[in-house]
Amino acid sequence: QNETSVTEFILLGFSSNPVLRLCLFGIFSVLYSATLMGNALVFVLICLDYRLHSPMYFFLCHLSIVDICYASNNVPHMLRNLLGQGRTISFAGCGTQIHLYLIFALTECVLLAAMSYDRYVAICHPLRYALIMNRRVCLTLAAVSWAFGFLFGTLQASLALHLPFCGPCEVDHFFCEILAVLKLACTDTTANKVLIFAVCVCFLLFPLALILISYLHILATILRIRSAAGWHKTFSTCGSHLAVVGLFYGNAIFMYMGPGSGNSSGREKVLSLFYSLVSPSLNPLIYSLRNKQVKEALLKLQRRKRVFHS
């Protein structure tokens with residue numbers, strides 16, 4: 001009887017203290033700018049330098065696209081909220097945020113697993129690397145990542161948005177995160193939560209298991225390498241990927257599968273910040289800009305720019 005036709009939601013965001021909100025606006029603006037510039041730079045370098053046209057950088061290019069889209073889905077509205085200009089969001093806008101958030105998050109889950117397979121083939125089967133990781137295989141893995149993300153993201157978002165909602169429609173979050181929105185439903189959401197858990201098993205635990213298996217084989221291969229240079233090169237490449245995997249999967253599992261997941265709004269906000277800002281801003285530094293080939297491509301681009309201006 002209390003069910004209402006919801007046309008908009010109110011995003012509570014962070015603290016109501018204006019000074020703290022202004023400080024957070026400054027910090028998050030810097031991180032968002034770093035996310036856009038860092039990932040865009042990686043994308044441009046990979047496209048322009050033929051030496052980076054390899055499977056590893058092909059997947060990295062897709063990861064940069066995902067990170068840019070992921071951050072741009074949530075952060076601009078959060079920054080408006082911090083300035084007191086955008087606390088409300090329409091029902092359609094909220095649904096769009098949920099939909100895109102799920103698509104990009106699930107796509108990145110599969111994409112990171114595909115990248116670990118690429119590293120496994122490169123280190124454990126170097127002589128057959130070009131044959132196994134050919135153009136067709138790379139395109140297929142990338143297409144599967146995006147297709148799975150879109151399919152299961154659309155499924156979850158559709159089921160969540162077809163629920164009846166009651167007022168007051170205050171989302172205790174800085175964007176329309178699916179667990180926070182489900183709390184406002186006027187009906188039992190057990191089926192939705194079971195689906196979320198099942199998707200987490202498929203997109204978090206299963207890919208993570210494949211990644212760990214890949215790195216166990218890589219570790220066994222590394223232990224047979226006697227060259228110090230070989231050890232350094234292998235650990236440099238794989239260490240970057242493991243750092244990104246640890247940040248992404250660790251936060252996701254703790255948020256959606258940990259004890260009391262969905263009950264602590266404060267924890268959800270902090271963990272969501274890792275997804276929306278911290279992880280996307282760190283990925284270019286961890287995975288790309290510390291790589292020797294990427295540094296050389298960056299120096300080459302700078303030389304081209306100086307010659308052009310002179």
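Cβ coordinates are placed from backbone N, Cα and C, and glycine is handled just like the others.
Because TrEMBL annotations are produced automatically, they should be read as predictions rather than curated entries.
Features as listed in TrEMBL:
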DOMAIN    38-287  domain 'G-protein coupled receptors family 1 profile'
TRANSMEM  19-48  transmembrane segment
TRANSMEM  55-73  transmembrane segment
TRANSMEM  98-117  transmembrane segment
TRANSMEM  137-155  transmembrane segment
TRANSMEM  194-223  transmembrane segment
TRANSMEM  235-258  transmembrane segment
TRANSMEM  270-289  transmembrane segment
Please figure out which one of 194-223, 235-258, 270-289 racks up the most CB pairs under 8 Å against the transmembrane segment (137-155).
194-223
Quick one: do the transmembrane segment (55-73) and the transmembrane segment (270-289) have at least 3 Cβ pairs under 8 Å, skipping pairs fewer than 6 apart in sequence?
yes
Over the domain 'G-protein coupled receptors family 1 profile' (38-287), what does the predicted model average in pLDDT?
86
